[in-house]
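From Swiss-Prot, here are the annotated features:
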MOD_RES   2  phosphothreonine
MOD_RES   2  N-acetylthreonine
TRANSMEM  29-46  transmembrane segment
BINDING   118  chlorophyll a ChlzD1 binding site
TRANSMEM  118-133  transmembrane segment
BINDING   126  pheophytin a binding site
TRANSMEM  142-156  transmembrane segment
SITE      161  site 'Tyrosine radical intermediate'
BINDING   170, 189, 332, 333, 342, 344  [CaMn4O5] cluster binding site
SITE      190  site 'Stabilizes free radical intermediate'
TRANSMEM  197-218  transmembrane segment
BINDING   198  chlorophyll a PD1 binding site
BINDING   215, 264, 265  quinone binding site
BINDING   215, 272  Fe cation binding site
TRANSMEM  274-288  transmembrane segment
């Protein structure tokens, strides 16, 4: 009898837990994805803050030359970062218990992998949680689909790229100057500026910013006048009011006259679909570009494409970029390589005699 009561109480407790987790009445929706998301993101944030403040230098290149990244080891907010894992570890899974000691784990950059793994799982679950809440409220799933763009971009730089390059040491450092270093080295090794998918991503991000500013300014300017022409149009409104304050027909008429008629949307759903799709598709393409360049399918190479009638090279901007790439490649990991990879890979000429 006692066992039966205990089982009932246990089942009742589990039922109440399930109800709490899936309730849309909570101030913050948790959801089943949230059960995984919350501990993962808390772990990633905690380890990141501790490592950014106090982690010892990391042997990122695997050549016994540690690089300092934390505030307590001489960095500031701009120069500091969580340094990627050592090249000596490669792609091995490297939790704390795989190291001989905590000092070894820190020296080889273990915190980086810990942050990245928990962060990627956390943001993936955040995306799932967006879908889950939409489902429970009877909404369509496009919020989660839109969020998949930054999730894909983060996965590309933190996971796909290191896998393609053979080492987590090639992942993006977790800091401001580290991000810039990653971008410069990426350009040097993969010529990303000449990759069409990156160009589409730039169009998506900059275009999305432009369209967002245009839409917001147009909506806030197209007021339905509630006052006479002798008063300010703003006098008929209070901040944060629930009633609609703008007239899409007026906005359509204004914009159609500013550019031309068919450059303007007269359908609110079409307009907002466009505003969502433009940046999302652009960032999807960038993530795909990073993922292909991870396996060295690089940007276009138009070096020395133009020659005169005597066969002499006439430099184009492609040649200028190539020269900059070689300079950047020479400078990075300068003690790990005797030559840039582009120069070292060329077969040496035969010597007669």
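Glycine residues also receive a Cβ, built from the backbone N, Cα and C atoms like all the rest.
For the listed features, I'd like the structural context: burial, neighbours, distances.
Listed as Cβ neighbours of the transmembrane segment (29-46) (distance under 8 Å, sequence separation of 6 or more from its ends, same chain) are residues 20-23, 114-115, 118-119, 121-123, 125-126, 128-129, 131-133, 136.
Within its own chain, residue 118 (chlorophyll a ChlzD1 binding site) has 40, 41, 43, 44, 47 as residues 6 or more apart in sequence whose C-beta sits under 8 angstroms from its own. Residue 118 (chlorophyll a ChlzD1 binding site) carries a helical DSSP state (H, G or I).
Sequence-distant contacts of the transmembrane segment (118-133) (same chain, six or more residues past either end, CB-CB distance under 8 Å): 24, 29, 31-34, 36-37, 40-41, 43-44, 47-48, 139, 141, 143-144, 147-148, 150-151, 154-155, 158-159.
Residue environment of residue 126 (pheophytin a binding site) contains 19 other Cβ atoms, counted within 10 Å of its Cβ in all protein chains.
Within its own chain, the transmembrane segment (142-156) is flanked in space by residues 119-120, 123-124, 126-128, 130-131, 134, 276, 279-281, 283-284, 286-288, 290-291, 294, which lie at least six positions past its ends and keep a Cβ under 8 Å from the stretch.
Taking the Cβ of residue 161 (site 'Tyrosine radical intermediate') as centre and 10 Å as the limit, one finds 22 other Cβ atoms among all the protein chains shown.
For the recorded site, residue 332 ([CaMn4O5] cluster binding site), the DSSP three-state label reads coil. Of all the Cβ atoms in the protein chains shown, 15 others lie within 10 Å of the Cβ of residue 332 ([CaMn4O5] cluster binding site).
Counting only residues at least six positions away in the same chain, the Cβ atoms of 293, 296, 298, 299 sit under 8 Å from the Cβ of residue 190 (site 'Stabilizes free radical intermediate').
Remote same-chain residues near the transmembrane segment (197-218) are listed as 251, 254-255, 271, 274-275, 278-283, 285-286, 288-289, 292, 299 (criterion: CB distance under 8 Å, separation of at least six residues from the stretch ends).
Following the DSSP three-state reduction, the secondary structure of residue 198 (chlorophyll a PD1 binding site) is helix. Its Cβ taken as reference, residue 198 (chlorophyll a PD1 binding site) is surrounded by 22 other Cβ atoms within 10 Å in the chains shown.
Here residue 215 (quinone binding site) comes close to 271, 275: these same-chain residues lie at least six apart in sequence, with C-beta atoms under 8 angstroms from its C-beta. According to DSSP, residue 215 (quinone binding site) is assigned to a helical segment.
In three-state terms derived from DSSP, residue 272 (Fe cation binding site) belongs to a helical segment. When other Cβ atoms within 10 Å of the Cβ of residue 272 (Fe cation binding site) are tallied across all protein chains shown, the result is 12.
For the transmembrane segment (274-288), the list of distant contacts is 142, 145-146, 148-150, 152-153, 155-156, 197-198, 200-205, 207-208, 211-212, 215, 265: same-chain residues at least six beyond its ends, Cβ to Cβ under 8 Å.
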Residue 189 ([CaMn4O5] cluster binding site) has how many other Cβ neighbours within 10 Å of its own Cβ?
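By my count, 20.
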Going by Cα-Cα distance, which of the binding-site residues (126, 170, 264, 272, 332) sits nearest to residue 161 (site 'Tyrosine radical intermediate')?
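Ranked by Cα distance from residue 161 (site 'Tyrosine radical intermediate'), first place goes to 170.
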From the binding-site residues 126, 189, 332, 333, pick the residue whose C-alpha lies nearest to the C-alpha of residue 272 (Fe cation binding site).
126
Check the binding-site residues 170, 333 for other C-beta atoms within 10 angstroms of each C-beta and report the one with the most.
170
CA-CA, which of the binding-site residues 126, 198, 264, 265 lies nearest residue 333 ([CaMn4O5] cluster binding site)?
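Result for residue 333 ([CaMn4O5] cluster binding site): the nearest of the binding-site residues is 198.
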For the quinone site given as 215, 264, 265, which other residues of the same chain have their Cβ within 8 Å of the site's Cβ centre?
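These residues sit around the quinone site: 214, 218, 251, 252, 255, 266, 271, 274.
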